[in-house]
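Note sheet for the following structure.
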Amino acid sequence: MKKVLLFGNPNVGKSVVFTRLTGVQTMSANYPGTTVTFSRGQMKLGDEIAEVIDVPGSYTLEPTCEAETVARRMLDEVAADKEGEVIILNVIDATNLERNLYLTQQLLERGLPTVIAMNMWDETRHKGIKIELDRLSEILGVPIAPTSATSGEGIKQLVVQLLSPQIPSLAVQGQDERWQRIGGIIHQVQQITHRHHTLGERLADASVSPVLGVFMAMLIMAAVFLVVRFVGEGLISYVFDPIFDNLWAPVVHSLSDALGGSGFLHGLLVGNVSGGEINFKESLGLLTSGLYVPFAMVLPYIVAFYLVLGILEDTGYLPRLAVLLDNVMHHLGLHGFAFIPTLLGLGCNVPAIMATRSLESRRERFIAATLVSVAVPCVSLQAMIIGMLGGFGIGYVFLVFGTLFAVWLGLGMILNKITPGFSPELLLEVPPYRLPPVNLVFKKLAFRIKSFLKEALPIILGVVAVINILNFTKVFDVIAKAAEPVVTGILGLPAEAAVPLVVGFLRKDAAMALMGPLDMGPEQLVVASLVLAMLFPCIASLVILFRELGKRDALKSVLVMLIAAFGVGGLMNLIL
Ligand SMILES: Nc1nc2c(ncn2[C@@H]2O[C@H](COP(=O)(O)OP(=O)(O)OP(=O)(O)O)[C@@H](O)[C@H]2O)c(=O)[nH]1
Ligand SMILES: [Mg+2]
């Protein structure tokens, strides 16, 4: 089968081109380092089906970070594979031709069949950039198609070009020779006309200026927080709660009656019904909490958070925030860019830990991944904390989040002191602001909602079912008894809280739901939420942590986690 490999600098639109060619949904966002591993898909090329691979972006074929290593390895593999027919699809950001051509030259030196997509073609018009594509194609010796991937313009022509890729002949050169040649090419094919700054550009400058920028950042973050809360709470109070209370509750009530109000099957499906009232949060039946937790407590915040994150990602504001936060992050042994994985972690720790691949040193990856696993609760857990603690007063919710933030800062500073190695300076490319394409924002949101439901629903239902089945055995008593010295002694929680803490290993939202029936006071719930958030990340994140950091660093990370969780949990128990 033919293989089409998308290569190019970070943030040039490879993933959007990939989705256009294959229909396979991938993540795209307006900052470098969105794709850190490859996605595969298929496209029709003439009469054949070809495999298409979206490769992480790289500036050069001499890797400087894990994401670039992945790209380089991919190229070496296909070059060595004599069997299959390979086409290199080099995606170029036409508004950054000069810089992009460096990788292009390195690719052409490989002598593989190549086609170039001159992407962001729409933006060259606004920026007064003129590129003579015919001339450029002649010089480079490969076909070039102008594309605007977000609107889909030019993709058809690109597919036609992919039918007849050309094999370039370019001798391998040194770095200086390459830049020299590029200088000559740019001189021949590119013209830039002078323009005045637009309002958008002035705003762009302001958003990274030290004083105004920080002020704008605070406004934007406050707005983000308010919108997430508004959308999340709105969905709960006006959509999901009414559905559960008015439509679903009567169904469950009749079922409960039909099952005689007690017994094993009743417990499994409906759960505890005390005083004839169904409490969706605490009943712990498959049809009560099993559905209410994922749909009416977590999903609304998933929608709210990822809607806002998706927009933020596509505007190009995040790398600017990273620049502004560079100073703060340096105290944690990280550079500003590490802020982006951290922010992703507020959605889900798995992609966050993956995203640390775009950080340059091992030390940074260790610190960033550890901080995410310990102190950054995923949106599912956050939603449950809000749902369970919010009733006692929003102050308790802030206490949990504030403590986690303090842990993030404090632990970062400590790790910065004790982790050997050094953190390189910030060399972050800041892309231009872009208007988020509405269709892409919603596709991305739908993709993330689907993955949440696919991953969370089976596990949450599984936990509820297993807990019900185990309730009849003495296993829980044994766990509680064994854990009592720690759970009650150090953390001041009821011994039974050991069970949810163990379940946290599977999913934190399910675990938090199990805390509900334990009748804890708000202070205890604060401690329980904190320990749950900081103790082991869920199994999915833990697997990724080991894969990304390697066994040694991952074990160190787990050790840090245990100390931090019990240290902070114990301390809070003493204070509260
Ligand atoms: N205006 C415009 N924006 C585009 C075009 N193609 C992609 N974008 C935007 O550019 C940004 C980067 O797109 P991605 O597909 O994530 O880029 P990538 O090359 O995969 O980036 P990495 O995975 O980080 O290497 C996104 O915000 C896209 O919406 C285009 O043709 N025109
Ligand atoms: Mg990408």
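Cβ from N, Cα, C; glycine included.
Taken straight from TrEMBL:
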type: DOMAIN; residues: 1-168; note: domain 'FeoB-type G'
type: TRANSMEM; residues: 211-231; note: transmembrane segment
type: TRANSMEM; residues: 291-312; note: transmembrane segment
type: TRANSMEM; residues: 332-354; note: transmembrane segment
type: TRANSMEM; residues: 366-388; note: transmembrane segment
type: TRANSMEM; residues: 394-415; note: transmembrane segment
type: TRANSMEM; residues: 452-470; note: transmembrane segment
type: TRANSMEM; residues: 525-546; note: transmembrane segment
type: TRANSMEM; residues: 558-575; note: transmembrane segment
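Residues of the same chain lying 6 or more positions beyond the ends of the transmembrane segment (525-546) and with a Cβ under 8 Å from any Cβ of it are 349-350, 353-354, 369, 373-375, 377-378, 381, 385, 388-389, 392, 396, 399-400, 403-404, 407, 455, 491-493, 497, 500-501, 504-508, 511-512, 515, 554, 557-558, 561-562, 564-566, 568-569, 572-573, 576. Below 8 angstroms of C-beta separation, residues 267-268, 271, 284-286, 289-290, 293-294, 298-299, 302, 380, 476, 499, 503, 506-507, 509-511, 513-514, 540 of the same chain, each at least six residues beyond the ends of the transmembrane segment (452-470), sit close to that stretch. Restricting the average to the domain 'FeoB-type G' (1-168) gives a pLDDT of 92. Here the listed stretches are 211-231, 291-312, 332-354, 366-388, and the one with the most C-beta pairs under 8 angstroms to the transmembrane segment (394-415) is 366-388. Long-range neighbours of the transmembrane segment (291-312) within the same chain, counting only residues 6 or more positions beyond its ends whose Cβ lies under 8 Å from a Cβ of the stretch, are 224, 227-236, 239-241, 243-244, 248, 280-281, 318, 343-344, 346-347, 379-380, 382-384, 386-387, 436, 441, 444-445, 448-449, 452-453, 456-457, 460, 509-510, 513.
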